[in-house]
Every structure is written in C-alpha cells, then in structure tokens.
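Accompanying notes for the structure given below.
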C-alpha cells in the first residue's frame, strides 16, 4: 500500500477544480481505494482532490506588490503591480491631462473582471446554491459598488498573491493596459479603444439569414402539403404533390374571425386574477419578470366552453371541414404578429433584446429581437408558448374524434383515436400543470420572440401535432387490445422518464438545497452553473428528450404501418430534439468557461468576449470569485 504524502489534520494548499488557484485547506482523510483526499476549505466547503492537486505550504512564495493594503478597486481584475516602470509605460516626463487620466481609468475598468460570490449550500459537500445573475458591464459605477461589497479581503489576496508559476495571462493583461496608456499619450489620432459596436456573429444558427428565409418559406409549404395528403385516399409519397385546391378556397374571413376569437378568449383567461404569481430567471439587467401561472385553470375554463358548445348543438365539424382554411388563417396571423414584434423591438431598450440577435434583418425577424415583449404586464411570448396553440391542439383532437364518428358513421370512436386523444391530452395537461417549468427553458431565457416561436406556437403545434388524429378520420386502423396494451406500456415508460427527469431538473434549479436531492452528484463550472451527472441525468445527457421521443412514437403507433404520414411527427421531433441538443451545447460552449463542465478539467485562464458591444475579460475562478454570465 503506497504511503500517504499528506497526513490527516495537515494544513496545505489545494487547487480549486477548474482553475489554477490554490487555497489553504485542511486534510481530513484519504480514501484508500480512490486515493482521493477529502479536504476542508476555510469557508467550510469539503471537496475530494487528487494528490497532484495538493501542494505543501512551502511550495508557495508571496509575490511582491506595491502595498499589501491597497484598496479593493486596485486589486480587482489584475494583480498588484510593482512600482518599477513597465516597458510600455511612458516616462514620468510625459504629463497627462485630467481627461487622459480619466480615459485610461475607464479603459482599465472595462477590462477588469466582474466577480460575484455564491452562497454555500448545505446539502452536499461539493454544491453551491443558485445561478449568478448577469450584470450589465456598461454600467461601470453600478458594477464598482457591487464589486466593493462582494469581493472579500481574503479571497482577493489569495487570488492575486499566490501561484505556483508566473501567469502569462496576467502579464498580457497588464501589457494591454500599458499599450492603451501609451497610445493615449500620443494624442487623439492614435487613440485605440475597446469600446466597439456589436457585430454579427460568425456562427449563425439555422444557416444564417438564408437558412432562416428558407425555413420561413418551407415550413408553411410543408404544413399545407401534410394536411392535403391526409385528405387523400392514398397518402403515399408516390402521389406527391397532392392536388392543390383553388387559391380562392384557401381564405375565408369567417374562419379568420374564429381564429381571432380563440386567441383573445385565451388571452382573457390568461388575464384572470387566478393562479399564483412567480418570478422568472434573472435577466441581463438583474431583474426578474413576474408571471401568473393559471394555464391549468384556462384549460378547465376552455373545457367548460367546449362542453357548453356541444350541449347547445354548435357544429364543431365545421373546423374539420375548413381545416386547411384554419391553417392558412393561423399562418397569416402569426406572420402579422411577427411583423408587429419586429417593429416594436426596434424601439426596445438594449438590455431587453435577445442575446441571439445578429443585426441581420431576415435572421432577426425569424429568431426574434426582443426577449420578453410585453404589453403592460401581458407577456406575449409566455402566453403564446402554452395557451392558444397547446390548448388548441387538444380541442382539435376532440373535433377529429367527433369527425371520425361522423365520416365513418360510427357510434363510438375507434380504439386508435381514443389512444391518440388520451395520450396527447395527458401530455398537454402535464405541461399546463407544470407550467412553471417553462420559465427555465431556452425558449424563455434565450430566444427572442419572432417568426420561429410565433409560427411554431400558433400554427405548427396545433396543426402538425394533431396530424395523427386528422389522419385517422379518413384512414381508420383497427388496433387489437394486445397491441393497445403494448402501446400504453410504451407511452407510460416514456412519460415516466420524461416527467421524472424534468421534475428532477426543475427541482434542482429551483432549490439545490432540497434534501431530496442530496444524493445527486454535480459538476461545478467556472460560470457558477452546476451540471447534474447522476440520477436520471447520469444515464444520458438529455433524459427528458429521450422520454419525449418515446411518447412521440406511442402517438403514431395507433395509426398503423400503412403509410409514413403519421410518423412524420416522430421524424420531425427527432430532428427538432437533435437540433435543440446541439443548440444547448452551442450556447453552453459560448458562455465563458462553461465548457469546463463537459470537457476535461481546465486551468485558470483569461478569456476575452465581446458582450453588449464591449470587450470584457473573464477569468476562470472558483465560485466564490465568480464572473456572472448566463
């Protein structure tokens, strides 16, 4: 058995995971199997470290500095400098004006690291509580106040005074500042500044402007093709394209009026003062928007309205008979809403715009410029995500069930139609019951509200997700009870994976201190976000997506195997989730330091990013010296 290098109770310096910073720790024990040391930091945090990450106190030497009692504003973002003149600093004979001094000071502050601490959690030896809020870096005065109040004397001293080897990044950091000082002394003509306007990103999503334009044209065309094929007796790919109806038959003002009535009815339900009010995730400005959670109540009220309509003998078959016209009307409304959203976003404050905006008109119209467009307290994006389209999907399914009984002259609906309606009803009710989980999705916290979400929420969801029920109206499929039992078991297994994974993720985001989550293992990232790597999230990276795909398959199986049309949804959903996973990874790697969570452990470093039109320098540091980023 190999001898231990460090004994229990010995005070040494341990490297913080994901950085090159060493802190004073006390050795508590060593695992004889893994050879990992359990160490305790001064703030009480206990972590397991490799022997190579622990150094004796004698291995460190204190760096020389101008003064050990320098102010926090001198220590922020860069180590203390000696009084000797650096090669890039002009001689003392060159005197600067007061305005030049102020300009140099501002440039230094633009390069300083913005640090925010996190509160320590008590339910795990390696967990920190919460996600840091992003702070606007163009508000230097506000940032200085926060830095002075957050940054402690001890953490600043350790972060800037001790290291095992010289830091090239810090030397480079000082050279940048010195170069700016030298340029300013030469006069305004040679002045270079880090203040710059944000340019279009090099890596557009969805193929950039051309890809966005193609999607905006292709999706409506694909939708109408699918609906036309479902009405054909033989909806096989060999019969593409289906015969097109006259253009005059695609529009009916009465249908458009019904669409508007549905939209405003759901808006009225949303505005009712019922349901609790919660706060969303922090915005770039640090504030949190408030949301009223009453989607389930809106669903109940809608059910009452539909039931009353049936009791009064209102013919809902009209929706099936004019289904294509309803799709056209919904598309026109979504385009009009997208135009309104883009125009209003041109006057929106900078801190209310989406981080995905690019400056390309076509791309921004598609992806959305404004993150949370609101009319008073009415949040347009949040409302459209769950209400008109999702509840409309269930209503359309019910109408298709009634249409099947009328077209096929049945006294009761088929088993296949009952399965499709039941499965998708459970899915929608689950989404409305767990409405608060929507506030942590990419759609809400990252994507702007443009054509992509407007068309997807108001057109694609109600008309494509109901494709199986629409297909069964004219293409009946008899399902045996044995096969139905297998499909139900598949649906339940997918739902268990989907719901348990999402519940675990949302519970952790809401309260990492929950005792029920104490057994979960996590990975710290240098941005402060913690990644679940156990429980459901220890099997696959996105277990909620896996459950979603299993349920999607169970929705299509009742339609049989005669045509591929009912499985278009599964194919589309697979592509959607693969692309969503790629977007998750892209956004994760775009955030400074976040890739340390998935990839092998990195070392402390400086990273330059252009944020809100400014060049900001970040450093990979422990959570108690954290750069706030999304």
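The backbone N, Cα and C atoms fix where each Cβ goes, and this holds for glycine too.
Curation does not apply to TrEMBL; its annotations are automatic.
For the ranges 389-407, 408-426, 503-521, 522-540, the feature annotated in TrEMBL as transmembrane segment maps to 522-540. In TrEMBL, the transmembrane segment annotation falls on 560-578 of the listed ranges 370-388, 541-559, 560-578. Checking the ranges 295-314, 595-614 against TrEMBL, the transmembrane segment annotation falls on 295-314. Listed ranges 53-110, 111-168; the one TrEMBL annotates as region 'Disordered' is 53-110. Looking at 236-253, 326-343, the range tied to transmembrane segment in TrEMBL is 326-343. Checking TrEMBL for transmembrane segment across the ranges 182-205, 206-229 points to 206-229. The recorded stretches the transmembrane segment (560-578) and the transmembrane segment (326-343) do not share 3+ CB pairs below 8 A when only pairs 6 or more apart in sequence are counted, and are therefore not in contact. For the transmembrane segment (479-501), the list of distant contacts is 414-416, 419, 423, 426-427, 430, 536-537, 543-544, 546-551, 553-555, 557-558, 560: same-chain residues at least six beyond its ends, Cβ to Cβ under 8 Å. Only residues 6 or more beyond the boundaries of the transmembrane segment (445-467), in the same chain, are considered here, and those with a CB under 8 A from a CB of the stretch are 215-216, 219-220, 223, 226-227, 230, 263, 280-281, 323, 326-327, 330-331, 333-335, 337-338, 341-342, 345, 353-357, 364-373, 380-381, 384-385, 388-390, 392-393, 396-397, 400, 424, 439, 565-566, 568-569, 572, 587, 630. With a cut-off of 8 Å between Cβ atoms, the residues of this chain six or more beyond the transmembrane segment (295-314) that come close are 265-266, 269-270, 272, 274-275, 386-387, 391, 394-395, 398, 428-429, 431-433, 435. Helix, strand and coil counts from DSSP across the domain 'Tudor' (4-62) read 6 helix, 25 strand, 28 coil.
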